[in-house]
């Protein structure tokens, strides 16, 4: 169910469905950190290197805060009240700041005290600039307000990185970070992809390798996998290893291609540049400036892109977990800009701000607005059992009962993947779009089976106009959807309501009696 709205909500969906590092250390050290360079050179390192974990931890808390608020009120991924969502972006940023200040004296006092100190350096160092880059990223705004499993995967990855033994880190804890990685793997098995090079690096640099495996990795892996098996046993009613099923469906059988295939270079040519947006030149610049100890972060990004490129089905959200890694290099780039720093910051903020507003509040919002309309139809109808909805759109284009919150009979075109291995398999949605008019006449062969309301994109109206006229459907509502209609997606969403002849005659007789 994740695929539909998530895949459709990006500006470049049409493109999606179609088909070196030079190490250079700092040359100048700021007097903000050194009273005398000779005196403190050995004691103080690169501030970003020591506190990068704290900033990433703060980012994770911000995303997790929003994620928990959403899931407390909404049961599935289609939490899409976009105005409320973007109010939350501002609110949870401020609340997390206040939360950080209060938690200093209760939980992890040293961590939150350090975060509080870092966030008051207001553009004086790479850490604050890293935080700024993540905060103003349009894709962060787009994803963190949605209850996607990719969002939770990103949150757990960032928090795990806080405990990962990077050089300069003072919060190393193998049990904690491996537990978070294992939890992320249970939630979404693809979490193991970015962590493969990180785990391999840790293993190679660990002097007590056997102890690391026997006393840290194996107990954590056994505990989390056992917990996953027990939970799935309760809900499935039989022993099920969902991680293997995930691997079998997406890799071994490659059934993800049923929902769209893409060329191997898509992430490098389209996906990665799009999610970075205007941060891309700063990311490339930062790759040349970042110190050697952060090379593993760049390796992780490249490794993740390469692995995902091997799969035919690709989506922007799949590589969301590596976005915070990229912001580390953007922070380094902005730190080394001198006279151009303020213009660069203004450029990043404005370019991402308007793009975030457009993709969040304007682009492809019609499928959400129409469900709010259907909710009103339900509550304004005294006889709810007499109303029914049929959504004639590409499957999962709209939210469902999680948005309507009303026991209204609804139906949409189905698109289950082929699990039987049939050749020339077509789902219900594909059969419908081959000949919509004939399909409607076959499906609704008598008046009793007709729904009271039809929902469709504007692009389909001309093709099914004969059916609408013969079945007495009138267009009662229109909602803007996108400036970029493509394929089966139209620029507007239309709602048609069926008017019974009896009601027309009654209404006409009442009007005539008033005239007389």
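The backbone N, Cα and C atoms fix where each Cβ goes, and this holds for glycine too.
Curation does not apply to TrEMBL; its annotations are automatic.
Looking at the stretches 138-157, 238-257, 318-337, the one that TrEMBL records under the feature transmembrane segment is 318-337.
Of all ranges given (344-362, 363-381, 382-400, 401-419), TrEMBL attaches the label transmembrane segment to 344-362. Check TrEMBL against the ranges 264-284, 432-452, 453-473, 474-494 and you find transmembrane segment recorded for 264-284. Looking at the stretches 160-176, 296-312, the one that TrEMBL records under the feature transmembrane segment is 296-312. The transmembrane segment (318-337) makes no contact with the transmembrane segment (212-231), as judged by fewer than three Cβ pairs under 8 Å among residues 6 or more apart in sequence. Stretch with the largest number of CB pairs closer than 8 A to the transmembrane segment (296-312), among 177-200, 212-231, 264-284, 344-362: 177-200.
Counting only same-chain residues 6+ beyond the ends of the transmembrane segment (264-284), those with a CB under 8 A from a CB of the stretch are 10, 12, 15-16, 133, 137-139, 305, 308-310, 314-316, 318-320, 323, 326-327, 329-330, 333-334, 344, 347-348, 351-352, 355.
Panel annotation: around the transmembrane segment (212-231), residues 174-175, 178-179, 182-183, 185-186, 202-203, 206, 239-243 of the same chain, lying at least six beyond its termini, place a Cβ under 8 Å from a Cβ of the stretch. A Cβ distance under 8 Å defines the sequence-distant neighbours of the transmembrane segment (177-200), meaning residues of its chain 6+ beyond its ends; these are 149-150, 152-153, 156-157, 159-164, 216-217, 220-221, 223-225, 227-228, 243, 246-247, 296, 299-301, 303-304, 307-308, 318, 321-322, 325.
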